[in-house]
Each structure stands twice: as structure tokens, then as C-alpha cells.
Amino acid sequence: MAAGGFVDDKEGRRAHLYEYRITGYFIFACLVAAMGGSLFGYDLGVSGGVTSMDDFLKEFFPKVYRRKHAHLKETDYCKYDNQILTLFTSSLYFAALVSTFGASHVTRNKGRRASILCGAVSFFLGAILNAFAKNIAMLIIGRCLLGVGIGFGNQAVPLYLSEMAPAKVRGAVNQLFQLTTCLGILIANFINYATDKIHPWGWRLSLGLATVPATIMFIGGLFLPETPNSLVEQGRLQEAREVLEKVRGTTKVDAEFSDLKDASDAATAIKDPFRNLLKRKNRPQLVIAALGIPAFQQLTGMNSILFYAPVIFQSLGFGSGASLYSSAITSGALVLATFISMSFVDKFGRRAFFLEAGVEMICVLVAVAVTLALKFGEGEELPKGIGIFLVVVICIFVLAYGRSWGPLGWLVPSELFPLETRSAGQSMVVSVNMIFTALIAQCFLASLCHLKYGIFLLFAGLIFIMSCFIFFLLPETKQVPIEEIYLLWQNHWFWERYCTREENEHELDGKSLPPI
């Protein structure tokens, strides 16, 4: 079976012949690789907290500091609206989207492990530069280095986890990336809560501690095995077979190894994977995995809440310490949600989590918008009861997102691409994700200032659209071997017109793959 070529279903399906057991070697590899998520998560958590710290604002953004203290105990949508301040956050994501194309080349030609190591080194250097920053230029350069690290890590880690995992537990294993992301956010919020009391350099400690997950990821990465898929792609067949036997805990891997070799044969025929991704036969992966899901993941509005949770709560009149503590509560809800998703995603499937959580998120966003419209007047202190209500419903939103668009936004794209376009496709995923992450980061505070509560109604409408997108266009991928995912498109009511055997053979210039 070739991942890029279509064969008869009965001939193409070998999943029933796959054998595996969970080994210590497999667990070690996945846990170390998943540390890549902690880089992304720590930055998500720490950047919003630092931008609300008085010592940081006084040194780099004195105008924002003065505006903040003019309305310290009052609600005001606009007191953090500063484009240079938001550039501090979003510059990382612009750097990440550019670097992911370089990461694609490294990941395909040198392996997933090489990209993970490169990401750790760059993130470490960026953290050092930020911790010792003397001006805004040093801050932005440091953020860009952090972005390169995240671009490499986010490109390689989801692929690594999906390729290492047996099909029946791939959903749970891939979500280790989301789990470490959420734990990074949670730890960052507690660190911010502590360093906010250290004057005047507490913010430097928050930023500098990003070196810890980068160091752990680099040292662990030195001992990581390469994925069997990548080794086969590089022509290292004997080594690939040995690694596959170790991670599966059995020597009976003939069926799976044959699938990997067939997928690699199709991949080696592709000279330009990015151009191949645009071909008609890959239209489902392009529309769903490379463009739709990574864009929609950011348009839920969740990362806006994570970026600026301290700012949002402070704008709601909670005060500096209380806002960071409230953010830690929402981060804890995100970790809990990830455990829920890991436990049940391979049982109930990806579509069920997307659709059920979508309904919840729409209801919560409408409730937040109505509450703010009625009770959130500019220059007026927010009633304590209303503030508590907003924290509770935001936690409900986080629980819904954390078991759906959060983890599945990385899991599903990493499953859908065939081997010949997998590295290029994942680069597109990260790039589109980072484009929308950066745009949301750059525009959210200005939008909150001008649209006020309407911004939450906008996100609710977008979630309705993306739920329809999932309902009509995404087939269920649970427990389907990663090199057999392509067979799903043949039987889909919409995508079958793009993925027939005849269409595939035409795009291979009449050279159909040999039968198995």
C-alpha cells in the first residue's frame, strides 16, 4: 500500500495484521518528544502574565503603565491597547511561521529528531536574550528566536508522536503534545504569580525560566530514536526495522513495515512535496488539514484568552495578583480537559469531540457577550458576583476547547497527510496556525477596545461555521493506521470525486503503483 496511491480497499488494508504492545522504550520516546509542547505552552502562559506586570511595563511601555494606573480598579476595554506591546507577543508567531518552512526541509531530510534539537537550541537562546533585555529591540529579537524554536518544535513533535504511536492509541499519544503545552501554560501562570512579587526583576525570571524546558528537551532529544517512518524515508531500512520492533515490542512487524516501505516508495517519487500538496488528489488534506483546522483552531478565540487572561481579568477589575491567580485556574481547567480528551478520543472519535464541544463554546461565548453588554460599563467597577461568573464560564469554555480544538487541532492534521507530503503538510499546518495566532495576538486587544463585547459574539459565529466544516467534510480517523488514512477519502460523500483510483493514476502520469 502506498500512502499516495490508491489501491483496492481489500488489498490496501493491512491494519488487522499489525501487532504491538506498549514498551518502556516507546513511552520514553514519546514523553521526551512531547516536551516540545512545553516550550509552546510556557510561552503562551508567561507572555500574557509578563505584559501585565508593572515592573515590565514601567521599563518598556511607560505609556501603558500610566494608562493602566489611571483606571487601576475600574473596568476599561482599552487600557492595554498598544500595538508595540502586542508586537512583543505576536513577533514570536511571525518568526515561527517563517521558520517552519526551514523546519520542513530538516524534518524530511535529516529526520524529526533533528528538528526537535534545533528547536530546543533556538528557544534556549531566545529565553536568555529576553531575560537580559535592555531595550525593546532585544525583547523582539529574543522573541523571534523563541519563535524559531517553536516553529521547529511544532513542526516535528506532532509528526513524531503520530508516527511512533500504534493506530489504536494514536489519539491519546499525540495529545501528549497538547498535555505538555497545557502544563507549560499552568506552570507559567504559577511562576508569574510568584515573580510578580519580586521587584523590580521578577519579569526577567519569568522569561529566563523558559531555558528549563528547552534544556530538558535538548538533553532528552540526544537520546531519542528517529521514527521508523523517517528512517525508511531516508533509506535506512535495517535501522528502521530495528526501531519499529523496539517501539512495538515484537518482531512481528512485517505488515506495518511493508506499509512503511510502500509509503516511502511513493514519497521518493515526489521531488517537490509542497507542489504535490496542491495536486487534486491531495485536496482533502490541503483544505482540511493544512488550511481549515489550523486556522479555525485560532479563530475559536481560545489563544486570545490564554495570551491575555491576566489582562482580561485585570481589565475586569480583579487587580494584578488576582488576575494572575485567575489565569492559573483557567490553565488548570485546560490540563484537566486534555486528560479527558486523552482518555476518550480513541473511543468516541475526533468528530464527536469537535461537535459536542463546539455547541458548548458557542453557548459560553454568547453568555459572556450578554453579561458584558449588560454589566461591563467603561469606567465602572465590575460587581464581584459578575466577575466570578465570568471566571466560571471561561473555565467551562476552556474545558470544552481543551478536549476538542486544542488537542485535535494538532492531532488530526498530523494524521491526514500521506508520507510524501507529511513534512510539507505539517509545515503548512504550523505556518497557517502561526499566521492566525499572530494576527489574533496583534489584533485582539484593539478589537476588544473597539468591538467590546461584540468580539465574543464574533468568535461564537466563527465556531458555528467551523463546526459545520467538521460535520460535513471530516471523516472519522480513530484507530485507522496512519499509512491507510488515505482510504477514507475514497468513501467520503464529497472527497471521493477528488480521490478516485483513476484520478490518482492520471496524476502519476499513467504509472500506477503495483498491486500488493
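Each residue, glycine too, has its Cβ placed from N, Cα and C.
TrEMBL entries are annotated by machine, without manual review.
As written in TrEMBL, here are the features:
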DOMAIN    29-478  domain 'Major facilitator superfamily (MFS) profile'
TRANSMEM  22-42  transmembrane segment
TRANSMEM  84-102  transmembrane segment
TRANSMEM  114-133  transmembrane segment
TRANSMEM  139-161  transmembrane segment
TRANSMEM  173-195  transmembrane segment
TRANSMEM  201-224  transmembrane segment
TRANSMEM  286-312  transmembrane segment
TRANSMEM  324-345  transmembrane segment
TRANSMEM  352-374  transmembrane segment
TRANSMEM  386-406  transmembrane segment
TRANSMEM  427-447  transmembrane segment
TRANSMEM  453-474  transmembrane segment
When only pairs 6 or more apart in sequence are counted, do the transmembrane segment (22-42) and the transmembrane segment (386-406) reach 3 or more Cβ pairs under 8 Å? no
Flag the pair the transmembrane segment (386-406) / the transmembrane segment (427-447) as in contact if three or more Cβ pairs fall under 8 Å (sequence separation 6 or more). no
Under an 8 Å Cβ to Cβ limit, what residues of the same chain, 6 or more beyond the ends of the transmembrane segment (324-345), are close to it? 45, 48-49, 52, 171-172, 175-176, 178-179, 182-183, 185-186, 188-190, 192-193, 196, 305-306, 309-310, 313, 318, 353, 391, 394-395, 398-404, 406-408, 411, 478
Check for me, if you would, whether the transmembrane segment (201-224) reaches the transmembrane segment (84-102) - at least 3 Cβ pairs under 8 Å, residues 6 or more apart in sequence. no
Chain residues outside the transmembrane segment (173-195) and at least six past its termini with a C-beta under 8 angstroms from it: 30-31, 34-46, 49-50, 53, 157-158, 161-162, 164-165, 202-203, 205-206, 209, 213, 306, 309-310, 321, 324-325, 327-328, 331-332, 334-335, 337-339, 341-342, 345, 402, 406-407, 410-411, 414-415
For the transmembrane segment (427-447), the distant same-chain contacts (Cβ-Cβ under 8 Å, at least six residues beyond its ends) come to 80-83, 85-87, 89-94, 96-97, 100-101, 103-104, 107, 147, 150-151, 154-155, 274, 277, 286, 289-291, 293-295, 297-299, 301, 303-304, 307-308, 311, 409-410, 413-414, 455
Do you know the mean pLDDT across the domain 'Major facilitator superfamily (MFS) profile' (29-478)? 86
